[in-house]
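Student: Below are the structure tokens for one structure; questions will follow.
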Amino acid sequence: MDKRFQLVSQFSPAGDQPQAIEQLINGLKSGLAFQTLLGVTGSGKTFTLANAIAKLNRPTLILAPNKTLAAQLYGEMKEFFPNNAVEYFVSYYDYYQPEAYVPSSDSFIEKDAAINAHIEQMRLSATKALLERKDVVLVASVSAIYGLGDPTAYLQMMLHLTVGEIISSREILQRLVDLQYNRNETELSRGTFRVRGEVIDIFPADSEKEALRIELFDDEVEQISVFDPLTGQGIDKLARVTVYPKTHYVTPREQILKAVDAIKVELNERKKEFLEQNKLLEEQRISQRTLYDIEMMNELGYCSGIENYSRYLSGRSEGQAPPTLFDYLPKDALLIIDESHVTVPQIGAMYKGDRSRKENLVNYGFRLPSALDNRPLKFAEFEKIAPQTIYVSATPSDYEINKSQGEIIRQVIRPTGLLDPVIEVRPVTTQVDDLLSEINIRLPLKERVLVTTLTKRMAEDLTDYLHEHGIKARYLHSDVNTVERVEIIRDLRLGIFDVLIGINLLREGLDIPEVSLVAILDADKEGFLRSERSLIQTMGRAARNLNGKAILYAARITGSMQKAIKVTEDRRELQNKFNIENGIIPQGLSKQVNDVMQLGQKNLKKGNLKQGKVAEYKANYQIHSEQDILKQIALSEKQMFACAKNLEFEKAALFRDEVTKLHEQLVSIG
């Protein structure tokens, strides 16, 4: 029997949650393809969904509009389902510059990227969970609609080993190379293996902290064990194990040879076309680049940019949808689109932007026409393959309402009895000084403030201004990388700083109960940042606090402002009426501050190590065990050398200082 979801929570459904859960389950069981959950900010939509998932017991994919919200959802689901597989799938690029050609300046931009190894491991862990288990909740960004390796080839390439199996060490090593693992005798890191006599150590690409040891005797698997690659200490013994490929883009050798033949045919056709049009430079360019890729594929089984040949590698026909994360989903999967009013338009926009860039590469001989099939899904393709879907939003758009045929499940009453925030409109002429005085009122109460501006420059200038007046403030915008965004929000909740300034990221889903004031600067500047939906979403960030207030600074009241204020006031009236009728006294939310990127990792012994944050190098370690200190020294030294190798010398210096402090601590307890 499949493992069931086990929901862990100290709370029971309350407010509008019980009827919302019941309606969702009834709709899904009766075969409704689309449902919309309209839940106000702070009404516990995530808890409602977790209850529905647990009762239905179906694998679930949750799409979030950005990495920050995906990380927050991942953390919440990890808390609700600690005994099940909660996984995280977002783009693994910290920095990404796709290859492009600008005809006007005749300049070709090479592909350049910085891959986050931790997120790459989480992606591989996510697909592994989908293939192995049914009790999976997978939180993903729109990255889920981009091309991924074909699941059929991925499954074919897996290496299965069983104790007692007859297999030579040479055969195992060859299979590991086929899976794109690298041999490294000096350092066992993720995606590598080492050989010592008849003992093969493998650090699986999808594993974070545990490696495998395969012990052979006379071409027979004698023992399979799990060990800590940092200390070498054994953890467990296994009867069988499956080693998954290092990347999603692995292909069996025979498929690569078939693909190479097909690529050669297309190359000859393309060369002929260019010569007929007297495009000699383009003909020479496509020949040189493609023949180099073919040679790499013949020799190594892969090449840089192998995804551009995905049509041939996956055996799909021209124009057919590429394999994506959706191909890895089980047939009975459930799809939840969070903040659907933002996420759905994103899904529709991805294809066109990608297409226009690739057409230039194809037209000027940098890529074969088949590269156009390495793309995100078109919106129609997404609609076709999407399983049963629940749209979730406080402000659903017409698309979701039409898809649900007007059947909206409403969740307006909060379990805590909290009301929507009080709204005030104040003059724009004195907005910065007025904001400063409002911040100073909240600092003694240990309450936090969110401020939303219209531009990055304005956010940065306002941060500097507040610093000059002794206010601890930070800004959050698109230039801040994924992990750092999560850390900034965590630091705000912990009180390391008091004011967070943003543009478009301080909206959907941000769950910060400590925030009692949301200030919207230049609220009368009509546009997508100050539309009715944007204003409702932004003001909603103060709805999780007992003293929640939203201040709109404006010279006039626009149509969007008027509508947003009316919706909020109507909800507030409804919530207040419910509280009076049921004798409910509003209670502020008290939510534990977790580092979502650490959730699910096997923690070291409690009390031994105060865990530093993901992006924090000078962590304040209070370690009482010598073994833990030695382990942390080894880890910090490894990170120090990695930073130095990437020419990130400032980070390397921080890790060096950390190692020095740990050595001092080791001496003091010795």
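Glycine too: its Cβ is placed from the backbone N, Cα and C atoms.
As annotated by Swiss-Prot, ATP binding site applies to G39, V40, T41, G42, S43, G44, K45, T46, with the evidence given as sequence analysis. Annotated domain 'Helicase ATP-binding' per Swiss-Prot: 26-183, in sequence order, evidence recorded as sequence analysis. Positions annotated as domain 'Helicase C-terminal' by Swiss-Prot, on the basis of sequence analysis: 431-597. Residues annotated as domain 'UVR' in Swiss-Prot, with sequence analysis given as evidence: 630-665. Feature annotation from Swiss-Prot assigns motif 'Beta-hairpin' to 92-115.
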Student: Please state whether DSSP places G42 (ATP binding site) in a helix, a strand or coil.
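Tutor: The residue in question, G42 (ATP binding site), is coil (DSSP, three-state).
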Student: Sort out the residues at least 6 away from either end of the motif 'Beta-hairpin' (92-115), same chain, that have Cβ-Cβ distances under 8 Å to it, and list them.
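Tutor: For the motif 'Beta-hairpin' (92-115), the far contacts come to 123, 304-305, 357, 360-361, 364, 366, 481-482.
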Student: Can you give me the residues near the recorded ATP site, meaning same chain, not G39, V40, T41, G42, S43, G44, K45, T46 themselves, Cβ no more than 8 Å from the center of the site's Cβ atoms?
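Tutor: In sequence order, the nearby non-listed residues are T48, A394, Q411, R414.
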Student: Can you give the mean pLDDT for the domain 'UVR' (630-665), rounded to a whole number?
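Tutor: Value for the domain 'UVR' (630-665), mean pLDDT as a whole number: 85.
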Student: Which ones in the same chain are close to S43 (ATP binding site), with CB under 8 Å and 6+ residues apart in sequence?
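Tutor: Looking at Cβ-Cβ distances below 8 Å from S43 (ATP binding site), excluding near sequence neighbours, one finds G15, D16, Q17, Q411, V412, I413, R414, P415.
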Student: List the same-chain residues at least 6 positions away in sequence whose Cβ sits under 8 Å from the Cβ of V40 (ATP binding site), in sequence order, or say none.
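Tutor: Residues satisfying the criterion: A394, Q411, V412, R414, D420, G540, A543, R571.
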Student: Within the domain 'UVR' (630-665), how many residues are helix, strand or coil going by DSSP?
Tutor: 33 helix, 0 strand, 3 coil
